[in-house]
Amino acid sequence: MTMTLAKRFTAEVVGTFILVFFGPGAAVITLMIANGADKPNEFNIGIGALGGLGDWFAIGMAFALAIAAVIYSLGRISGAHINPAVTIALWSIGRFPGREVVPYIVAQFIGAALGSLLFLACVGPAAATVGGLGATAPFPGIGYGQAILTEAIGTFLLMLVIMGVAVDERAPPGFAGLVIGLTVGGIITTIGNITGSSLNPARTFGPYLGDSLMGINLWQYFPIYVIGPIVGAVAAAWLYNYLAKE
């Protein structure tokens with residue numbers, strides 16, 4: 001059954017909301033526990049500054065579960081892109097209609113904004129001043145080019161998995177949510193301490209918007225999380241398309 005664009009738009013809003021509320025939300029709680037929620041300080045270096053592997057594993061699993069939940073609950077409605085880089089990559093290989101790219105991306109950004117703003121409303125100002133709303137930024141000492149490359153590599157792996165388990169009609173059914181979610185969790189655990197491991201322009205946009213309302217400005221890093229994920233996702237989609245052709 002073909003869903004209307006309005007229904008798919010709504011599903012992308014809801015799906016991205018779930019991703020950003022629970023994924024970056026887990027990063028916020030981790031930072032608040034580590035730093036003390038009663039000691040707010042201006043958050044200005046992003047979650048890339050988190051240290052322990054245990055912290056990153058916990059955050060990665062929160063993302064994994066949120067993504068799996070979205071894919072299994074909303075995937076049949078909109079495809080559960082919940083990521084502008086995925087939408088653009090699928091369009092670039094002819095697997096998604098061009099006329100729907102902008103509506104999907106708008107929906108994803110709306111969902112991300114709602115996720116961060118409602119998390120801020122639930123937790124209070126410390127979610128931003130201590131936890132930065134889970135915003136991503138390069139770890140101190142990581143250059144702009146290094147950060148873009150890291151995000152591109154991480155999103156390349158994610159998109160390659162998406163192509164193999166969700167887009168390719170030959171993929172065994174029922175595993176997409178689990179495999180994609182665990183892939184994101186693994187990538188976050190691996191590169192989180194370099195860039196915060198966004199892999200998704202919308203996932204970064206939401207926290208940046210919420211932080212801006214609290215006087216925290218990280219927008220100088222936003223191009224990293226647009227260029228890197230889009231380049232990585234498009235490259236993976238084209239490579240898989242080439243390799244999978246019989």
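The backbone N, Cα and C atoms fix where each Cβ goes, and this holds for glycine too.
Over in Swiss-Prot, the protein carries these features:
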- 1-12: topological domain 'Cytoplasmic' (TOPO_DOM)
- 13-33: transmembrane segment (TRANSMEM)
- 34-56: topological domain 'Extracellular' (TOPO_DOM)
- 57-77: transmembrane segment (TRANSMEM)
- 78-104: topological domain 'Cytoplasmic' (TOPO_DOM)
- 105-125: transmembrane segment (TRANSMEM)
- 126-146: topological domain 'Extracellular' (TOPO_DOM)
- 147-167: transmembrane segment (TRANSMEM)
- 168-173: topological domain 'Cytoplasmic' (TOPO_DOM)
- 174-194: transmembrane segment (TRANSMEM)
- 195-217: topological domain 'Extracellular' (TOPO_DOM)
- 218-238: transmembrane segment (TRANSMEM)
- 239-246: topological domain 'Cytoplasmic' (TOPO_DOM)
Contact yes or no, the transmembrane segment (174-194) and the transmembrane segment (13-33), 3+ Cβ pairs under 8 Å, gap 6+: no
Contact set, same chain, for the transmembrane segment (147-167): CB under 8 Å, 6 or more residues outside the stretch: 71, 75, 85-86, 89-90, 95, 138, 175-176, 179-180, 183-184, 187, 190-191, 194-195, 197-200, 221, 223-225, 227-233, 235-237, 239-241, 244
Folded-back contacts onto the topological domain 'Extracellular' (195-217), same chain, C-beta under 8 angstroms, at least six residues removed: 16, 19-20, 23-24, 42-44, 46-48, 82-85, 105, 108-109, 111-117, 119-120, 125, 127-129, 132-139, 142, 147, 150-151, 154-155, 158, 184, 187-188, 224-226, 228-230, 232
Close approaches to the topological domain 'Cytoplasmic' (1-12) from elsewhere in its chain (Cβ under 8 angstroms; 6 or more beyond its ends): 74, 77-82, 100, 103-104, 106-108, 111
Secondary structure tally of the topological domain 'Cytoplasmic' (1-12) (DSSP, helix then strand then coil): 8 helix, 0 strand, 4 coil
Within-chain partners of the topological domain 'Cytoplasmic' (239-246) [C-beta distance under 8 Å, separation at least 6 from its ends]: 93, 159-160, 163-164, 167-168
Integer mean pLDDT for the topological domain 'Cytoplasmic' (239-246): 92
Same-chain residues at least 6 beyond the ends of the topological domain 'Cytoplasmic' (168-173) whose Cβ lies under 8 Å from its Cβ atoms: 240, 244
